[in-house]
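As recorded in Swiss-Prot:
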- 7-27: transmembrane segment (TRANSMEM)
- 45-65: transmembrane segment (TRANSMEM)
- 86-106: transmembrane segment (TRANSMEM)
- 109-129: transmembrane segment (TRANSMEM)
- 145-165: transmembrane segment (TRANSMEM)
- 186-206: transmembrane segment (TRANSMEM)
- 215-235: transmembrane segment (TRANSMEM)
- 244-264: transmembrane segment (TRANSMEM)
């Protein structure tokens, strides 16, 4: 049992996080389901979820760091870049604000039943976005994103606070409805995910730091490492898939997982 809990579990959870992070299917929801099914929910797995999310977030940062630097630096085109900074800030503020205020309530929702409901609702949202998106994209680069679009994306992104809804699912779906080219919606979604997930992970870690000790550090580090490696090696391939595959496919996948939760 020691081998299973301390070695196999962090590897599996790291793989789950590393794969599902890049699709609009809720990586958090998948981890909640897996941990509940194996009946292994405890202080260690709670901390492990934080570490594996940090692993995939760092891989996203490394993949997008050139685009992030272009947004954050203020060279000759100062006004333009400041504008981009504001866009990113506006897109993350609603979720940060509500996440801080309702932190304890949000954490109380972390169970398979709530994940099932969120998977279904999020699935419908993805299918609706695919069906009713503008025939021709109106926003073809991150530079073209305006403040109103950023605010709308930020508001809809708060749906991810309900476990299982999917942050990328909410942001990509609403961006698609707003007329974003798919690659722009995907890139912007992942760029604004970095400060959100990093901030949420740090907050979770601070609130649970008492559960980190010398005995579980190897366990946590192995989950972090697996998540980072899987994410880093596959991110380019996964984003290519996400740019090409219909959102309806992911909506149907979410329905299937919700059905499995219901019947099992």
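The backbone N, Cα and C atoms fix where each Cβ goes, and this holds for glycine too.
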Requested in this report: May I ask for the residues of the chain that lie six or more residues beyond the transmembrane segment (186-206) and have a Cβ under 8 Å from a Cβ within it?
Outcome: 22, 47, 50, 53-54, 57, 60-61, 63-64, 67-68, 71, 88, 91-92, 95-96, 99-100, 103, 142, 145, 153, 157, 167-168, 171-172, 175, 180, 212, 239, 242-243
Query raised in the report: Given the transmembrane segment (7-27), which of the listed stretches 45-65, 86-106, 145-165, 215-235, 244-264 has the most Cβ pairs that are under 8 Å apart from it?
Result: 215-235
Report summary line: Quick tally over 109-129, 145-165, 215-235 of CB pairs under 8 Å to the transmembrane segment (45-65) gives the top stretch as 215-235
Query - Dominant neighbour of the transmembrane segment (145-165) in 86-106, 109-129, 215-235, 244-264, by Cβ pairs under 8 Å - result: 86-106
